[in-house]
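Enquirer: Structure below; questions to follow.
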Amino acid sequence: MKSQLLSLAVAVSTISQGVVGQEPFGWPFKPMVTQDDLQNKIKLKDIMAGIEKLQSFSDAHPEKNRVFGGNGHKDTVEWIYNELKATGYYNVKKQEQVHLWSHAEAALSANGKDLKASAMSYSPPANKIMAELVVAKNNGCNATDYPENTQGKIVLIQRGVCSFGEKSSQAGDAKAIGAVVYNNVPGSLAGTLGGLDKRHVPTAGLSQEDGKNLASLVASGKVDVTMNVVSLFENRTTWNVIAETKGGDHNNVVMLGAHSDSVDAGPGINDNGSGSIGIMTVAKALTNFKLNNAVRFAWWTAEEFGLLGSTFYVDSLDDRELHKVKLYLNFDMIGSPNFANQIYDGDGSAYNMTGPAGSAEIEYLFEKFFDDQGLPHQPTAFTGRSDYSAFIKRNVPAGGLFTGAEVVKTPEQVKLFGGEAGVAYDKNYHGKGDTVANINKGAIFLNTRAIAYSVAEYARSLKGFPTRPKTGKRAVNPQYAKMPGGGCGHHTVFM
């Protein structure tokens, strides 16, 4: 009897570890993953429990945020790591890195009237500089956009086309002593220059209304501006969390990710606790199944400061390793209170920016998810404003979902998705009000099920998916070479 029990124990152990040559994909006693079965494992109560957990990490510390390198984010990273490690289903690692954190505050007045301004992170400081205001043409992305008399002045620039960092650099090249960027959509504007640059000048953001008013004043007379920017800088150690299924073909990796950090201003529960918990919920549900292709989940750090964690990760892979990643799915803000179901425009049909080969197929898959349920959806552009940026620059097919940030919802969109016209998709975007109460439960549940739908599809098979061409070491697709490399979310305000 003892020998029989010993034999049985050895057999069970062998099965649980996977027998090389007999069951290459592991977990033979589990059913093969299907779209319906994985979606059925997604429960709203599990999603909201995770959302509440992230809120608790913010609440536990005086900063009341989960900004990278801070205590709230450290708690987030440890929890994600431990939760996944405990499943036994994943090989989990923390990828350590050091990045420069920046926090800036601005005060701005024009002709003695105070304006509500936000300093761009990584802005050089300004000690109450006073100068005449001039207005850049177009979007301030080219040297020819700046008036000949820009030297020694503060320049007003409209948001759009290029990054805030490039606008600040162009202003510096034109010998301006400061730059004020105003929004091109209703609402205030806070953003980042994406990093330090000697060409940058002190830079602040203004609302569309205030910016247009200033431009009108300049057109009719002289405007004197006083600008003060206080900037703090600190090198901080932080981590990505990477979890890859032990089972599945590790030469055909399906990868998905979401950033785990917040801005300084608040806990970041929609931005991007929603995406973080969405993929976490799917990762836990996936442990009930076996699969054919390995699935790699990533929680990126320091996205809000220039996509730093995802860029660090992609840069750490040579072309041979990156070629194993057959596609990348990005989920950034999937629980917006005034949501719209938006899918990255992989085929370029809406925004004339086509993703690498395979991106169109990803878009079509998500379209099918919504179409099969009779639900509306719309495309959203590949702007480079989220963690997919580093992947598409290296020709990795990408796609994903987004429910909206600072952009105002139109009456036409209300007819499709409900909600309130004239109000931002997320009125608490990048603010202290981005709490649990900011989450639209219907939106986050639907989009998490969509994540499960896509993961099950590609974990089972990549049949019909375009084959990735092999390229040289660290080759960058020239179509995306000038895409901004810093920011905070698809929504990220660095451009």
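Note that Cβ sites are derived from N, Cα and C of the backbone, with glycine treated the same way.
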Enquirer: According to Swiss-Prot, His259, Asp332 bind Zn(2+) 1; which of Asp249, Asp271 is also listed for that site?
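Expert: As annotated by Swiss-Prot, His259, Asp332 share the Zn(2+) 1 site with Asp271, chosen from Asp249, Asp271.
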Enquirer: According to Swiss-Prot, Asp271, Glu304 bind Zn(2+) 2; which of His200, His250, His377, His430 is also listed for that site?
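Expert: Site partner of Asp271, Glu304 for Zn(2+) 2, according to Swiss-Prot: His430.
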Enquirer: To the nearest Å, how far is the Cα of Tyr429 (site 'Transition state stabilizer') from the Cα of Asp271 (Zn(2+) 1 binding site)?
Expert: 7
Enquirer: Hey, of Asn142, Asn235, Asn352, which of those glycosylation sites are within 10 Å of Asp271 (Zn(2+) 1 binding site), Cα to Cα?
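Expert: If one measures from the Cα of Asp271 (Zn(2+) 1 binding site), no glycosylation sites come within 10 Å, so the answer is none.
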Enquirer: Going by DSSP, is Tyr429 (site 'Transition state stabilizer') part of a helix, a strand, or coil?
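Expert: The three-state answer is coil.
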Enquirer: Give me the Cα-Cα distance between His259 (Zn(2+) 1 binding site) and Glu303 (active site, proton acceptor), rounded to a whole Å.
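Expert: His259 (Zn(2+) 1 binding site) and Glu303 (active site, proton acceptor) have their Cα atoms 6 Å apart.
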Enquirer: The domain 'PA' (124-218): mean pLDDT?
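Expert: Mean pLDDT for the domain 'PA' (124-218): 96.
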